[in-house]
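Colleague: Just lifted these from TrEMBL, have a look:
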{"type": "BINDING", "residues": "GLY105, GLU106, SER107, GLY108, ALA109, GLY110, LYS111, THR112", "note": "ATP binding site"}
{"type": "DOMAIN", "residues": "12-717", "note": "domain 'Myosin motor'"}
{"type": "DOMAIN", "residues": "869-1043", "note": "domain 'TH1'"}
{"type": "REGION", "residues": "594-616", "note": "region 'Actin-binding'"}
Amino acid sequence: MESTLTARDRVGVQDFVLLENYTSEAAFIENLRRRFGEKLIYTYIGSVLVSVNPYKDLEIYSKAHMERYRGVSFYEISPHIYAVSDNTYRAMRTERRDQCILISGESGAGKTEASKKILQYYATTCPVTDHMSTIRDRLLQSNPVLEAFGNAKTLRNDNSSRFGKYMDVQFDFRGAPIGGHILNYLLEKSRVVHQNHGERNFHIFYQLLEGGEQDQLSKLGLERNAQKYHYLVKGCCPRVSSINDKSDWKTVRKALTVIGFHEEEVEDLLNIIASVLHLGNTQFGEGEDGETQITTESHLTYLSKLLGVDGPALREALTHKKLTAKGEEMIGPLSFEQAVAARDALAKAVYGRAFTWLVAKINQSLLASKTIHQLFPLNYCSLSLPWIVFYLQDEVYNSSKGSSSVIGLLDIYGFEVFQHNSFEQFCINYCNEKLQQLFIKLTLKSEQEEYEAEGITWEPVKYFDNKIICDLVEEKHKGFISILDEECLRPGEPSDISFLEKLEDTLGGHAHFVTHKLANGKTRKAVGREEFRLIHYAGEVNYTVNGELANQSVNSRTVICQSDNQILSQCFHREEVTTQKRPETAATQFKNSLAKLIEILMSKEPSYVRCIKPNDAKQSGRFDEALVRHQVKYLGLMENLRVRRAGFAYRRRYEAFLQRYKSLCPGTWPNWQGRLADGVATLVQHLGYKAEEYKLGKTKIFIRFPKTLFTTEDALEARRPALALTLQTSWRGYRERAKYHRIRNAVIQSAWRGMKSRRKARRRRHAAEIIRKFIKGFIYRHYERCPENEYFLDHQRFSFLMTLVRNPPKSVLDKSWPVPPPSLTEASEHLCRLCMQNMMRAYCRRIQPEWKKQMEQKVVASQIFQDQKDSYPQSVPKLFVASRLDSEEFNLKVIQTLGNDKVKYGVAVTKYDRRGYKARPRQLLLTSSFAVLVAEAKLKQRIDYTALRSISVSSLTDGFMVLHVPSEDNKQKSDVVLQCDHVIEVVTKLATMADKKNKVNISQDSIKFAVARGKEAVIDFTSGPELKVAKGKKGHLLVTAPQLNPR
């Protein structure tokens, strides 16, 4: 901000706090005029933003401008609506406290546009997901819908908001928008039935007539001509050049879809809009008996259809009234004037409550998904409108206090003074009184908190406290609203004049209340007999009491409560008819809602935007000083400036102040290394600040007079040429040094490139020479060694040996060996043999004793059975075991009988008798010197290895074996026929222990064996599908076994 102070004579100051003559209203307005002339529409009063409507599009709202203000300190760059938006957003994120932005000003000052810019800034710069994108679109699309139903063309503004709006935007812990909520205040319902000359009704009526499809208009009983409707012609302004109603209708229909309105809801809403137009065209006349009756039956027919009510009941409600006397209800006719008033009251009530329903529906679509389920466990459509509005207003804030934070936007009407000021202007100005009271209170509170936080003594500030005016309006039993309620509730027919008399009796001595009767001679001329004057903080306003009581009464609407229209059935609840409780007046309702708004604002950290319109003609570049002075007064800007300037005009954090002005002091230039407070103290001492001109806080410097800051800024401006010269000198020196380094590096690089090129050339020459030698050696490779082929032959030898080194045989089973060149054939054979020997030795050294024994037995089995017996291949991968019998299976008595002869192997076998070939189970036990057959605890036969002549087996897969013993040996019975599942293992172990490896006979057809001395028997072996053992016809033993490997 300080960077523009040197141009202050041309463009003014960016912060009114820096005005030298801050108490002068003329200086204030002159500063506004200068900035407006330079298209600088934004100015600060401390943290308050003052915005002047330029009445044209300025190129300061692009996405690039948004990024420029994003994350930047509030006073670092020029004032902007984006600066306020970003500062509020960052305060919400860092302090985790809810914020609000209060936008106020007259109609046409740009309040609605300011709120749109703020929403667009958040929609563009905040993080967003798919769900959040939907919420963002609904937030943005709620604007055209609310503008269609709540805005109208006035003398001051073609798109004037005729209601107050407070919108909460809800953010999650990441700072992304996840929901929203809108509160509306004091819709100008009188505009539905009456408009001043040059003004229009609400936009939606004209948009429907201009943009609606013909079939839709016919269904609603409407014609595409606004001149035919009584409620649309009073202002004599059905068309406006700056408004395209047809295009706006398409925008509104699209926005309703985006927000989430169902087609049935849109249809019911349009029925209500059309019914208001038909109500306006409903005319009354006198019947034969002088009673009031409806003369336009066609409109009544459409009314009953669109409102979903009974036609005769509606006719009676518009032409008669119910009176209750002594507990009895009586129906009496209405006069012509009363019937017209009842018709207009019904039109205003229907439109006003439909607008409230519309806001509640938008709120439902803007709530975060979690909040919706928490707030609406029931069906939304089953809830009546008053319940919805009350529930949302009281609960939505509590639901957002968890992990989410809120930024509120208050777009409220400014102080209004017209030639004729009605009850609505009274409510608007009362609202501004409350907001001004809040504004001054929070501004003083903020100032005091900042002073106390920085350790600066707070000096009390004198200011006009408008609490006296607020009490005049809202004080219990004695305030304006209490008197109005009392007058409405008293028996009899209250009148406006009696209400004015009651005001004079109660408030007659108040300094801020004047009537024609109470005024002095000079003032009496300016106050009418049916008017009263309130002296507000912003000036004096005369209010008329005509229609004041009519505005407060809420007539029974029994017929509308029976409506089939889903919206009206929610807006007009049947409890309103049956309850005996007197409803609150409009003034009390507004006071309560305003109190709720003040409570909401007090719970948040506020920021302010004050909007000013430069002229009434809506012309760009035109600055009407009288009009601007009027608004400056009504907005309380001078009072705000005086409060802000009561202490120190300028304050900055130490780091920012020191960074900007450190070049003005040799002690702080170019860098200060100590504490920031000490650096600032050194700087201001060098600049010659007087003690009364500044104070040093804990983190900030406070400067009392703008002149002190201007002097400092002028000194910086004078210092800048010297700084520029220093920077230029440093830059030139740096540039020349860099040039020297580039030249030096270029020379070094040139020498290096030359050396690299020479090395590369040498490598290429050497490579060419090698290639020539290689080719020549390849041609002479079959000749004896000579100079032509010696390089090639050496290369061959080297390649062969390197191949052998890199890829030697990996194991003793690996028989691969590279093919040697002819000159190395003999050497290759020696190397191969030596390699295998080394691998064998290494393998043998690594082998375990158990595995060695296993391999020895496998070698014996291979020598005996390989290519001889069919079951041998299946036995190769199976390891031989030490014994096939566990120690528990050995009979203890047998072990004792054997004595010192230890059993080294045992296996279960089947013994076939020599006569009859009966199979008997036996155990075959092998010791170191003999083999024994055991049956239970008996030794059936002992066969000494020395007496064992041979062992016979078949070539098939059977498990038969015959142990041949000498027949002349009386100790031996005869040959033994055994059958075992592990015949190869048993025969191998037996042959090894008995040293009978060469005595194993493998027969293909039959085996002969001795059954007694001189007698022999035969075992015949045949191939078959399965193993069978049987006695043959010739007395032979017939064995059938499958032949797995036929030879």
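Just so you know, glycine gets a Cβ as well, placed from its N, Cα and C.
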Colleague: Are there any residues at least 6 positions away along the chain from LYS111 (ATP binding site) with a Cβ closer than 8 Å to its Cβ? List them or say none.
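Modeller: The answer is ILE103, SER104, GLY105, SER161, ASP411, ILE412, GLY414, VAL609, CYS611.
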Colleague: Should anything in the same chain at least six residues away from the region 'Actin-binding' (594-616) have a Cβ under 8 Å from its Cβ atoms, list it; otherwise answer none.
Modeller: 32, 36, 45, 47-55, 81, 84, 87-88, 91, 95, 97-106, 108-111, 114, 155-156, 166, 183, 185, 393, 397, 406, 408, 410, 414, 430-431, 434, 438-439, 442, 622-624, 627-628, 631-632, 635, 637
Colleague: Show, in sequence order, which residues other than GLY105, GLU106, SER107, GLY108, ALA109, GLY110, LYS111, THR112 on the same chain lie with their Cβ within 8 Å of the centre of the Cβ atoms of the ATP site.
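Modeller: For the ATP site, the extra neighbours are ASN53, ASN157, SER160, SER161, GLY414, CYS611, LYS613.
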Colleague: If you count Cβ atoms within 10 Å of the Cβ of GLY108 (ATP binding site), leaving out that atom itself, what do you get?
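Modeller: Result for GLY108 (ATP binding site): 23 neighbouring Cβ atoms inside 10 Å.
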Colleague: Sort out the sequence-distant neighbours of SER107 (ATP binding site) for me: same chain, 6+ apart, CB within less than 8 Å of its CB, listed by position.
Modeller: THR154, ARG156, ASN157, SER160, SER161, TYR413, GLY414, GLU416
Colleague: Express the predicted model's confidence over the domain 'TH1' (869-1043) as a mean pLDDT, rounded to an integer.
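Modeller: It averages 87.
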Colleague: Give me the count of other Cβ atoms within 10 A of the Cβ belonging to GLY110 (ATP binding site).
Modeller: 24
Colleague: Taking the Cβ of GLU106 (ATP binding site) as the centre, count every other Cβ atom within 10 Å, in any protein chain shown.
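Modeller: For GLU106 (ATP binding site), the 10 Å Cβ neighbour count is 25.
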Colleague: Looking only at the region 'Actin-binding' (594-616), what are its DSSP counts of helix, strand and coil residues?
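Modeller: Counting residues per DSSP class in the region 'Actin-binding' (594-616), I get 9 helix, 8 strand, 6 coil.
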